[in-house]
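> Below you will find the structure I want to go over with you.
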Amino acid sequence: MKNERWCLVSHWLLLSRVSLRGNPVEAALVVLFVLYGFVGYNYIDRWADYIYAYGSLLFMVTHIANEWTKQGAYRSLYYLSGLLLVPTVLWADPAWLWEPSWVVSLVILALLYWQVGACGRDAEFMRRFLRSSWAFALSILLSGVSFWLLLSVYGAIGYLFDVVLSSDYSVYVGIVIWAGLFPLLLLLFEQEENWWGGGKVLDVLSRFVLSPILFVYTLLFYAYMGKIAFTVSLPKGGVCLMVAAFVAVAFFLKGISPFLSGAYYRRFYDYLGWIVLPTLILYGIGAFYRINQYGWTLSRVYLVVVGVVMAVLWLMTILRRPGTYFYTAWAAVCLLALVTYVPGISAQDIERISQEGRGNDSSGRAITREYLTLEDHADHEVDGYRYFRSLEVWDNDAGDTICCGVGDSVWIRLDKRAFLREQYGKVGLELSSILPDSLHSRILCFKTDSSMLLFERMRLYREEGKETRIELAVGHASYFWK
């Protein structure tokens, strides 16, 4: 038993060394992320956004460059990719973390990584997907457990010995764990080609959970389509998301079947293309009906992209072409890149052009809809306040409350609607009024008798004739109190 334990420890120590040697630029970036976190927490505004928003993208770009140049003549490109850190720190906008294009960029990079080395082979593509997903899940689990254990030890010391401990500890632990340990664990677990332990889990999930649920949803969708045909009605708005999830799970289970110990429900998955065809038609009807009724929006552009990707996947499956998942992933990368980065046909431009001329009042007059980003560039009088703290700002899960705090500790909660109504009232405006640029800073300055809260940035949504609402409150706020 002792020898077995020592062999296991030796194996993982050797694997750690191989991981660091095989990923030197990624390891160097991790060290820089941690150091930047320590310095940034004390001296740099929005430091966390730089680490977790751009740091994650930069880490993935470097890792993809590493995989693509391992056996090639362009190895120097991998080492040069680490230099992207310089323009990232100097010119990147951390507010981009909360934009849809940031999420899309993560998806594109993930798809590109799974394509590395697959060379059009579906089995290799799915193997990379499973291995990296399993490594990601384990890294999240171990990092999360480590984080909470360290916090519990710190809290126990303070409680047992009546010691007043600094609240900064949780921030420093978070930096070490999530900017340091987590990416290193990810690199470590991805090194082992044959160890991943998800096979039995997937066997159980596929055979006893996911596949039976899939059959139930198939019957539900067919029954729902029968109801639509009988009542001569149109699909509900949420049906598109349900169909997308249904198709994604169905083709995922079909794709991982070579890695399962038994060929369960083979006939169902052999004819999966024809089984999901009616649901894809339902998806198309629902999506284009709402576009025709309400115009293009950011979410509807990506809804159509998802529909096109599913159509490509369906067509490749029906034609039984090799590399179905591989080439579908390439189609997804190209389409997402087009509607995210190319001016004129980007999702935001399509939304703007579509909504500019839309109106539904009796005179046919166009109704103005716009997103308004408020930024505070004014100088504020802070004399009379004794204390200051920079607070992080985020939305609660329901999206109706602004939370301000440090780490996991919430210092201030503000109801979005009540906050905006009070701020508009202070400058003599109704929520349906147009907000002049000169008043942006006053809206972002929230005062009470004993404190002042200065928001750095806030995003509003305004539609003519309706009340303005807070779409997103993120970033940081300066908190002064007496």
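Cβ from N, Cα, C; glycine included.
Summarising the annotation, TrEMBL assigns transmembrane segment to 25-44, 77-96, 102-120, 132-157, 169-189, 201-224, 236-256, 268-289, 301-319, 326-345.
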> Look over the recorded stretches 25-44, 102-120, 236-256, 326-345 and say which has the most C-beta pairs under 8 A to the transmembrane segment (268-289).
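Ranking 25-44, 102-120, 236-256, 326-345 by Cβ pairs under 8 Å to the transmembrane segment (268-289) puts 236-256 first.
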> With CB pairs under 8 Å as the measure, which of the listed stretches 102-120, 169-189, 236-256, 301-319 comes out on top against the transmembrane segment (201-224)?
236-256
> Below 8 angstroms Cβ to Cβ, which residues of this chain, lying six or more residues outside the transmembrane segment (132-157), approach it?
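Answer is 113-114, 163, 165, 169-170, 173-174, 177-178, 181-183, 185-186, 189-190, 196-198.
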